[in-house]
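Novice: Structure below; questions to follow.
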Amino acid sequence: MSVTIEAALKAATEQLQQSGSDSPALDAAVLLCHVLAKPRSYLLTWPDKILEKPTLASLELLLARRRAGEPMAYILGEREFWSLPLKVSPSTLIPRPDTERLVELALDKAALIDGELLDLGTGTGAIALALASELPTRQVTGIDLRPEAAELARENATRLAIHNAQFFQGSWFSPLADGTKFALIVSNPPYIEENDPHLSLGDVRFEPKSALVAAENGLADIRHISTHAPHFLLDGGWLLFEHGYDQGVAVRTILRDLGYQNIITEQDYAGHDRVTLGQYKTEREA
């Protein structure tokens, strides 16, 4: 039986709708475009085109993964962040739009102080590469504990021809030479509590738990980074964190107790507390 593009899209949309996709028609179209290696305009222009059996078989494999709830970014192997097409894999978190708020605030502070930038827990390299793309004369370093993540970030830098970003594997500050100083340190660290029910829902089910979960009510890694960051910050440098919507007070308290100054929490595009930043100064203001 011959199957047209229009018929395949209709059947795929119905399957994904039944499996609970939030955007079944869009998902179906994107997956078919991926299999055909064609833009979406092709589907609209040639709705009566007959699809070959290998194409249908490839589409069904992708649909099965999506019906099981696997994130589209992992199925496609790519996600856009800060207008940069980034390769992603199950070894890294999927870059999210809310994290662009962290990039915006980092760029604001980078304009106030010269020096290199550091991204801790870099994953795909999304934050580091966004900053490097906007600040081509500044060196940006990204660090991730997982070797496969650091390698993926390097691959993304190469694919995007971004030459002022470098990536290392290691635990937080461990790969850095003693005496290395940065104008800004940014991080989207693990900040979810171990028993958070959201860990069993949606895309998060498929993402690496080590990049999501932290002890001490989700604050352990934020506390660790905050404690050691002054050793690597220039005088007047800034530390910026992405964190959970209900962690603003706790993160501000951590920074205040450690002597950071000019501490503020900023909201994401939905109006939720999302980024907290503080400034390191060798002399405390009166």
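Glycine too: its Cβ is placed from the backbone N, Cα and C atoms.
The S-adenosyl-L-methionine binding site feature in Swiss-Prot is assigned to G121, T122, G123, T124, G125, D144, W172, N188. Taken from Swiss-Prot, the feature substrate binding site covers N188, P189, P190, Y191, and the record attributes it to sequence analysis.
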Novice: Of the residues named as S-adenosyl-L-methionine binders, G121, T122, G123, T124, G125, D144, W172, N188, how far apart in Å are the Cα atoms of the most distant pair?
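Specialist: Between the most distant Cα atoms of the S-adenosyl-L-methionine site, 15 Å.
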Novice: Three states by DSSP: which one describes D144 (S-adenosyl-L-methionine binding site)?
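Specialist: DSSP assigns D144 (S-adenosyl-L-methionine binding site) to strand.
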Novice: Cα of G125 (S-adenosyl-L-methionine binding site) to Cα of P189 (substrate binding site): how many Å, rounded?
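Specialist: One finds 13 Å between the Cα atoms of these residues.
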Novice: So what sits near T122 (S-adenosyl-L-methionine binding site) in its own chain, CB-to-CB under 8 Å and at least six residues off in sequence?
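Specialist: Once residues fewer than 6 apart are set aside, T122 (S-adenosyl-L-methionine binding site) is near A128, G142, I143, D144, A149, A150, A153, F167.
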Novice: Compute the mean position of the Cβ atoms of N188, P189, P190, Y191, which form the recorded substrate site, and then list in sequence order the other residues of that chain whose Cβ is within 8 Å of it.
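Specialist: Going along the sequence, the neighbours come out as G121, S187, I192, A211, L212, A214, G218, D221, I222, F241, E242, H243.
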Novice: Please report the distance from the Cα of T124 (S-adenosyl-L-methionine binding site) to the Cα of P189 (substrate binding site), rounded to the nearest angstrom.
Specialist: 13
Novice: Can you name the residues of this chain that are 6 or more positions from Y191 (substrate binding site) yet have a C-beta less than 8 Å from its C-beta?
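Specialist: Expected: A214, G218, L219, D221, I222, F241, E242, H243, G244, Q247.
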Novice: Quick check on the binding-site residues: of G121, G123, P189, whose CB has the lowest count of neighbouring CB atoms inside 10 Å?
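Specialist: Counting other Cβ atoms within 10 Å of each of the binding-site residues G121, G123, P189 gives the minimum at P189.
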Novice: Any idea what the Cα distance is from P189 (substrate binding site) over to G121 (S-adenosyl-L-methionine binding site), rounded to a whole Å?
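Specialist: Taking the Cα atoms only, P189 (substrate binding site) lies 6 Å from G121 (S-adenosyl-L-methionine binding site).
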Novice: If you draw a 10 Å sphere on the Cβ of W172 (S-adenosyl-L-methionine binding site), how many other Cβ atoms land inside?
Specialist: 19
Novice: In whole Å, how far is G123 (S-adenosyl-L-methionine binding site) from P190 (substrate binding site) when you measure between their Cα atoms?
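Specialist: The Cα atom of P190 (substrate binding site) is 11 Å away from the Cα atom of G123 (S-adenosyl-L-methionine binding site).
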